[in-house]
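Engineer: What TrEMBL records for 26-108, 123-220, 249-339 is repeat 'Solcar'. Under the heading transmembrane segment, TrEMBL lists 30-51, 251-272.
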Amino acid sequence: MSLGTAEDDSGSEIHIPAEIDWHMLDKSKFFFLGAALFSGVSFTLYPMVVLKTRQQVSSSRFSCFNMSCAIMRYEGLRGFYKGFGTSLMGTIPARALYMWSLEVTKSNVGTAFLELGFSETTAVAVANAAAGVTSAMAAQLVWTPVDVVSQRLMVQGSGGSKTILANLNSESYRNGFDAFRKILCADGARGFYRGFGISILTYAPSNAVWWTSYSMVHRLIWSAFGSYLSKGKSESNDNLSGVRPNSKTMVAVQGLSAVMASGVSAIVTMPLDTIKTRLQVLDNEEHGRRRPLTFVQTVRNLVKEGGLPACYRGLGPRWASMSLSATTMITTYEFLKRMSTKSQ
């Protein structure tokens, strides 16, 4: 199941690297390099995750600019990396589980559909959709507890500003281990899986759509690119056969495909993501006792705070984070797979 060439209507073709399947990878190198590369990606994008989370949880509306200025003024650069250590500890195994599930599912489902007589286009689409669902569900087993702990650290106020940076949780935590201990004592093991169901509802369909869209858009762009080159070459009576794009062109196509594939995802899944974040972070005080918010209470609070627009607080940072994350993730991911290919 590989995409080795892209053809236009005239039969001219442009050669692009074939898809690298799971069995072609050096697994040790794949996971080791993946941990290093994606840790760097997480570090780069983490400040936008902090901004998004604080905006989603806040009952008042603050602009991304004002929130950023307040964090920098009262907490400094460290304020943008609250909970990063905890997040990184969980991101490495979660990302490894995600990549393993993604590659194994794509390879097995794609091969099975080809053997059943389906076209390569259909097999690729179904394989990517199935891989997106299974990888998201597998990764959430690790990511949800990490999210619960790291997001609570993100929304802790500094006390320097009573409006923007007020503590948004009823509990205070010294670090990730302290947050882990207090959540375990207060809510038990179930406390680490608050919002797990809605996380699956948010990320599984989103991943399925993203990976399917990415593979389809990727093919369309290469086909259009081949047609464009064919037209230019025919006017100059040159031969297009055997043209191979350079690395910069490949990265540009991957990045454009990623941005287009994730363009609608942020808008479609934003309300569910806001509800998920609040379920994982906020508590409700009843008769002096702290209890987790229910789904109904969370939705009711959002309706009181402004209805549907309240669900889209933090859309700007999330949109930027998803676009940059998708672009860096897919280019890093494709680079990682080629770096991890077994020697022939």
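Yeah, the Cβs are placed from backbone N, Cα and C, and that goes for glycine too.
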Engineer: Kindly state the mean pLDDT of the repeat 'Solcar' (26-108) in the predicted structure.
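Structural biologist: That stretch averages a pLDDT of 85.
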Engineer: Take the repeat 'Solcar' (26-108) and count its residues per DSSP category (helix H/G/I, strand E/B, coil), listing them in that order.
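Structural biologist: So the counts come to 72 helix, 0 strand, 11 coil.
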Engineer: What does DSSP give as the helix, strand and coil breakdown of the repeat 'Solcar' (123-220)?
Structural biologist: 74 helix, 0 strand, 24 coil
Engineer: Pull the DSSP breakdown for the repeat 'Solcar' (249-339) and write it out as helix, strand, coil residue counts.
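Structural biologist: Its residues divide into 71 helix, 8 strand, 12 coil.
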